[in-house]
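Chemist: Structure below; questions to follow.
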Amino acid sequence: MNDEHVDSSIDRSNKITLGFLLVVVILMTLGVTAWKSLNKLFSAVERYDGASQILITLDRARLHELSYTRDLTSDASKEALHYMNEALSFASSFDSSETNFNNNLNSIKNELERYRDDFVSYVSLNDHLSSSKKSMVQYAQNSSALIDRLRDLQIDYISADTSLTEKLYLEIINSSNAVSLSNNIYSSALLLNKKHEYLKLRESNDLEQNELQILKSMHNDIHALMALETVYFPEDEVKQLLQLIEEYTHVIESRVDTLENSSTFVRYNKVLKDILKLSSSIKKEFGSINDVSLRKLSSAQKLLSKRVVLSEQIILLAENVNIARQADRDFSLSNDSTLRDDYSFLVMDVLTNIDGDINNIKELVIEQDEKELLLELQPVIRKYNRDFRYVYDISNEISTISKRMVSSAIRIDSILLSMRDARAREMKEARDLASFISFGGAVFVFSIALLGYLVRKSGNELQSLTEGLKRSNDRVSKAAEAKTNFLAMMSHEIRTPMNAIIGMSYLALEGKLSIKERGYVEKVHNSANLLLGIINDVLDFSKIEAGKVVIESIEFSLYKMIDSFSSIIQERAKEKNLELSINIDHKVPRMLVGDPLRIHQILMNLGSNAIKFTDTGSVSIDIDTLEGSGDDIFLKISVKDQGIGMSQSQIENLYTSFTQADSTTTRKYGGTGLGLAITKNLVELMNGTISVTSELGNGSQFNVILPLSCMNMNESKAKTYEKLVLVSDGELDVGGLEAELKKGFFRTVESLSDYRNISDYSKLADIEPILFVFVANSVNDDFLDSLTRCLENLQSSRSSVSILVNNLSEIDLILNFDYSGELFHYNETSVKKGNLLPLLYNSFEKNRFNVFQFKNETFESGTIFGGRVLVVEDNAINQELVIEILSRHSVETVLAVNGIEAIDILESDTEFDVILMDCQMPLLDGYEATRIIKEEMAIDIPVLALTANVLQSDRLKAKASGMDGFINKPIVVDEMIHTLSEWIGSSKFKHVIDEGAGSTNSKVTESNEFGFLKVEGVNLEKGLSISGNKPELFMRLLTNFANQYEDKEIFSDDTEVFQINVHTLKGVAGNLGFESIYELCSKIEDDMPNTNQFQVECLKSELVSLCDLINSQSVIGKSNHYLKFGDNEITEIIDSAKSYNIEAIVTLNGTLGEAIMSELSDEVSNELKAAIKTYDFGKIEQILSARFL
């Protein structure tokens, strides 16, 4: 867009804006006026409607309130309260700008709240009144019942006392008669005694007759006495008296002797004396009985008198209770407040008097049950009095609240009526505005039309401007892309001569130079290294800006990474004579899960800065952990220096790209200003934090906290020994053993192949604990001598010794080896591949000295030698790569290009140690093929997935199909061989192969032969390592890749085909080190079934560029000399083709194949290439035989 067009657009926009403003002003004026008018009308209607709603709701509330007052039902109270709240809600929801209306609303709200609160209190008091009345009535009934019981008791007691008095009165009569009879008997006894004296003086028949009469009279009196019913009767004495009288009577009646006989007289005189004595005793006893009866009668009469008085008091008490209850009932039924007060006072006075009367009656009661009833009655009377007083108070309060409610309702009605009158006047005024609104409507329509015109004009202008901006943005994007491509290209172009400068200057410095020449070359060398560092910083920053940095999550050894970092940073510190300390806290796990490359880069940036800006003093790097949850931890890195420090303003701009603290810092110390910006971005990509504390002139401290995971192993055991020394006799291959031990948490693992050197190491046990592992092929004297020397040095240390013995019969020699009272402990679990570390950890914690048995082949490295593997892979490049890797390790391979072909091979040949199965293939994928092999064919051969899918869901799917393990793409050769060795071990199908063919392991430097691949997105080292550092094989793989993908259409409308294409390309790219293509394929695969067309186009562009780059180098290579070949070479290829051996394909894809192709015409060469690509062995044999034999 040019300036003239922009100015014209601005001018038109300004005019449109003015038009907009004019229309907006008109609409706003019209809108404000109409709004005011309508608002006034709506406000009036709303206020009128609001007042009506409040009034209607209030009427409903009052109706239910009256219903509640009459029936006292909870439903009526709830309805009344609901309408009161609704009326209050209406009053609260209305809002008006009119002051008078708001004042009235506030008054209504206040009255409604008072009315509602009074009604709530009214309902609550009625509930209390009801419960109190029930309690009061209950107490009244209880008091009456208790008094009735008292009255019944009094009646019973008076009746009992009356019966007792009557009984005592009868006893008095009987006792009086008894006294009279006893007196008569006594008098008769006296008279008999006197008559007897007369008989002594003279004889007289008259006296005898008289005595008989007296005796008869006494006899009758005694029988009369015995007939009386007396409480106490001396029966024995009366019977004895009767017997004496009868005896004496018999003597008188039958007497023949004279009474002058002295002995007879005396004997009868004694009888008379006994009669007199008994008569006197009976008289006295009946006298006493009479006195007792008289006293009982007197006491009973007094008790009866008291009973009568008490009964009268209780009757009076009952009458008072009845009076109180009657007055209580009259109080409840009366509506006259004066009468209610009179009745209430009467009830309270009577009940109070009853309480006092009970106290008086307590003094009159006689029996215990009467006292208990009185004690029970008094609290009942008092509670009755208390409840009545409470009922009286509540009734008065209810009456007061009821009057307030009526008053509030009347005031609300008055306010609402005045409000309705005012609203009616407002509505009349508002209706007069209708004519104005009609005029305003016409103006509004005109304004809308004008506004539509301006909007359309503005839209056209905006569209034109947007299109111009889009074109500008496209140009900017292309410029940015060109910048990125230029940066990548320049990086490649700069790196190539820079590598030459650095390398050649290093070689020159290694030679003989004069002092002056050495100074020149050192400056060139240092400047080149500095320039290379700047380029690396710029490239890293551009990757971060482009979002191409991927954070890995892999297991790594923190100590190994720190060792690598320390070796570099120590040299830089020495150059400036600085003291450098690196401290790792003992809590830090040995093995972590994270991105070691990026953590190393963070350490390098922070450590290099600390050394750069410190002239004197020290730099300390501390590594610690903060607690996390589960296996998650936070790694804390602190880098502290005693350098120049920073001010607060410098800290604020610390992480800005391409800047340093200030310009003087840049001039003095140099640098791009990208280091900390890259560090901060890397920390944030790892979800960590970075902070700094600094003071100008006093140094700085950077703190980085990174969330990581630790391996799930027992750290406490790992902390016991940080160093392990492996000792063997040199006869056994213990490479596998050493590799397995290095997987543990030992900071250092050192291997000795001679027992005699053990003394030097065992002496170090006093400095730090060491775990010594002896591998004894045979327990001989040399071994026992070495063991003795080792144990002597371990006498005062915490070190341990574990011995691995091959021959079981020799274990007794170790077990009988007694050292200072400590014996070796034999562990019956044999050492096998994969279980050594757990055995060691579980043993040395219990015993210092342990013995295990192992087999010779347990720890042999490279045990896949002579194995036989079925490779199921559809991609030609991956086929060649896998077959070449396995052939170099002396493994026979049989190739199948898909699942169907693999099944066909296994139907006739099952002698394989392992099946390498690609997961995604046409016709029949690896998952289904594995399921058929394992389930339907029941073939028990380990199947290892050869896949670029590393997600957990993919692994679960592979496990479910029957696969036993995984080999990831891109292939890491060491990991692949290690995984295969775990499954193959000692092959059951060993065949004779030239071992020399598999021993090639020469290291290939990054020569100029592959310098063309030193571009962004290609990991040359990885590609070379995957081909075993064999340039011929790697170049062949590159050529095949270019041939296969330069014209191949990756995208397909068939989602399944597209997914297979992308997955296959991802695996091939990963193996060859094409990282940018690998990442693009991963993103596309993750997004499936949705397809990001932009990513597909990027993938196509990357493929075209890479294939062109490879083809250009292939053309150069073809222009060079070809290998010479003869009939023997041709014959070998034809023989391999006849036996369908993959070596024919491998050879033709190599440099010998290029030489053969150069001897063929273009047509025949294309036919041969097609046969190679489709694995048509018959066609290959036909072409070569026809042309060369």
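Counting begins at 1 with the first residue displayed.
In case you wondered, yes, glycine gets a Cβ from its N, Cα and C as well.
Remember, TrEMBL labels are computer predictions, not curated facts.
Pasting the relevant annotations from TrEMBL:
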- 16-35: transmembrane segment (TRANSMEM)
- 433-455: transmembrane segment (TRANSMEM)
- 489-710: domain 'Histidine kinase' (DOMAIN)
- 868-984: domain 'Response regulatory' (DOMAIN)
- Asp918: 4-aspartylphosphate (MOD_RES)
- 1023-1113: domain 'HPt' (DOMAIN)
- His1063: phosphohistidine (MOD_RES)
Chemist: Between the Cα atoms of Asp918 (4-aspartylphosphate) and the residue listed as 'phosphohistidine', what distance do you get, rounded to the nearest Å?
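Modeler: About 10 Å separate the Cα atoms of these two residues.
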Chemist: Summarise the domain 'HPt' (1023-1113) by DSSP state, stating how many residues are helix, strand and coil.
Modeler: 71 helix, 1 strand, 19 coil
Chemist: Of the residues in the domain 'Response regulatory' (868-984), how many are helix, strand and coil by DSSP?
Modeler: 56 helix, 24 strand, 37 coil
Chemist: Let me know how many other Cβ atoms fall within 10 Å of the Cβ of the residue listed as '4-aspartylphosphate'.
Modeler: 29
Chemist: What is the Cβ neighbour count of His1063 (phosphohistidine) at a 10 Å cut-off, with all protein chains included?
Modeler: 25
